[in-house]
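If you look up Swiss-Prot, you'll see Asp250 marked as active site, proton acceptor. Look at Swiss-Prot and you will find Gly88, Gly90, Arg91, Lys111, Asp123, Gly124, Arg174, Arg181, Asp260 tagged as ATP binding site, backed by sequence analysis. Residues or ranges marked as Mg(2+) binding site in Swiss-Prot: Asn251, Asp260.
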Amino acid sequence: MAVHFPFDNSYAALPEGFFARVAPTPVATPRLIKLNRPLARELGLDPDRLDSPEGAEILAGKRIPEGADPIAMAYAGHQFGNFVPQLGDGRAILLGEVIDQNGVRRDIQLKGSGPTPYSRRGDGRAALGPVLREYIVSEAMAALDIPTTRSLAAVITGETVARETLLPGAVLTRIATSHIRVGTFQFFAARRNQDAVKALADHVIARHYPNAINTKQPYLTLLQEVIRRQAELVARWLLVGFIHGVMNTDNCSVAGETIDYGPCAFMDGYDPTKVFSSIDHTGRYAYGNQPRIALWNLTRLAECLVPLISDDQDAAIADAEAALGQFSEQFGQAYHAGLRAKLGLFTAQDGDRELIGDLLGAMIEQAADFTLTFRGLSDLAGNAETDSVRNLFAEPAAFDGWLGRWRQRTAAEPQDAATRRAAMQAVNPAFIPRNHRIQAVIEAAVERDDFAPFEELLAVLAHPYRDQPGFAGYAQPPQPHEQVLQTFCGT
């Protein structure tokens, strides 16, 4: 039987200016290298039928399934602060939408499926390395319980793509609750097309924020909800040491999901100024700058929505500014609550922020590994030996004084050691997708057509909060010769 996709397409029913209808460009000999079978079932798809020659052809864009309405979405965006009035899906094509098993509408998009009217002289293709990177990191983020796009499948095309050298081509099937970005609103606002901005806002409200429909100011409620989700999302990034790397407005999802994993990376040693992206020369998107940039992006969204918020533009601007003014508090609450949880503190007390700040300061000075420090503290909560954490600090004595204060603080709460340790282990991952591990996976796949390291890394990262003694090496930071100093978009 044919592979069946229960498409229910809504974005393609919007006016033509929202997208360009374009079919994927067929590829030579598609080979399915990874299928996310649990996600397929969640989407109402049959993984056994997808895992077939016909399925590989669909997932590579060589065959169009019944009910698909392939489109490339239009959007604009600020890239490193500079406005580009037309970007759009230059190498991605939305096949359509399905309603998943939980009643949620999800996009099915092929990334690397060929040129579109928005390709801007690009070939519309993707190389295998960036496809594997996005698959690994997006699925790791999902396992960390951070809102994110998902990866359904990765397919090798049987063709090469020209980058610095000739590289194997691949297509990623990306799943999102939508691919609507701040830049999508900017596309129409820049053209002073208020009817289109309103149609887009109405679509986003119906799709993502239906509770806004019956409020007195639905477009203000929309802005407030996007701000809240972004504040909470960026807080969660910081709590696991994640650096997005390219927080342009066209990479900012109004659904509050992490999207576009090009030059992303996770920190090893804690450093708020850390930058990995090869194109971020000024540190605009450094780890510690991410909350500020999120607010900057949200301000650009507010500018698009102000004409809809109220006929009285002075009142609309005041309302939008008040909504934006909530971001810092919302981010701060989510971030500090998360840090208290990482330290096993069940209540908020005076002095907690100083305690947290002193630990982070010592971690900066001593180049302590972010992930291992907090995971190690989880073990110390269960009365483990202190050396596993002390040895992460260049001068262990810098940690000892702080440890005494932390033990005194936790002793003021009634929870026993086992309860505290379990709570801390549930929020402090042992395993993150470390850059050197991703690089090793990519090299094995690209240079040797060996996907065993890819499969093993995915299996480990699927359970980030679980001790996995047989894979303890995956928790370790890189040796000096393994360090990855820069990451690349791969476009």
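These residue numbers are counts, starting from 1, taken along the chain as shown.
Including glycine, each Cβ sits where the backbone N, Cα and C put it.
Sequence features, as recorded in Swiss-Prot, placed on the structure.
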residue : record                       : contacts (Cβ under 8 Å, 6+ apart)
Gly88   : ATP binding site             : Ala20, Ala72, Met73, Ala74, Tyr75, Thr116, Pro117, Tyr118, Phe187
Asp123  : ATP binding site             : Arg91, Pro115, Val161, Ala162
Arg174  : ATP binding site             : Ala92, Asp107, Gln109, Leu110, Lys111, Glu134, Ser138, Thr149, Arg150, Ser151, Leu152
Asp250  : active site, proton acceptor : Tyr75, Ala76, Gly77, His78, Gln79, Leu87, Arg181, Val182, Gly183
Asn251  : Mg(2+) binding site          : Gly77, Arg181, Gly183, His244, Ile259, Asp260
Where Arg174 (ATP binding site) sits in the secondary structure, as DSSP reduces it to three classes: strand
Surrounding CB atoms that lie within 10 Å of the CB of Arg91 (ATP binding site), all protein chains: 21
DSSP-derived class (H/G/I helix, E/B strand, else coil) of Asn251 (Mg(2+) binding site): helix
In three-state DSSP terms, the structure that Arg91 (ATP binding site) belongs to: coil
Site diameter for ATP, Å, by largest Cα distance between Gly88, Gly90, Arg91, Lys111, Asp123, Gly124, Arg174, Arg181, Asp260: 23
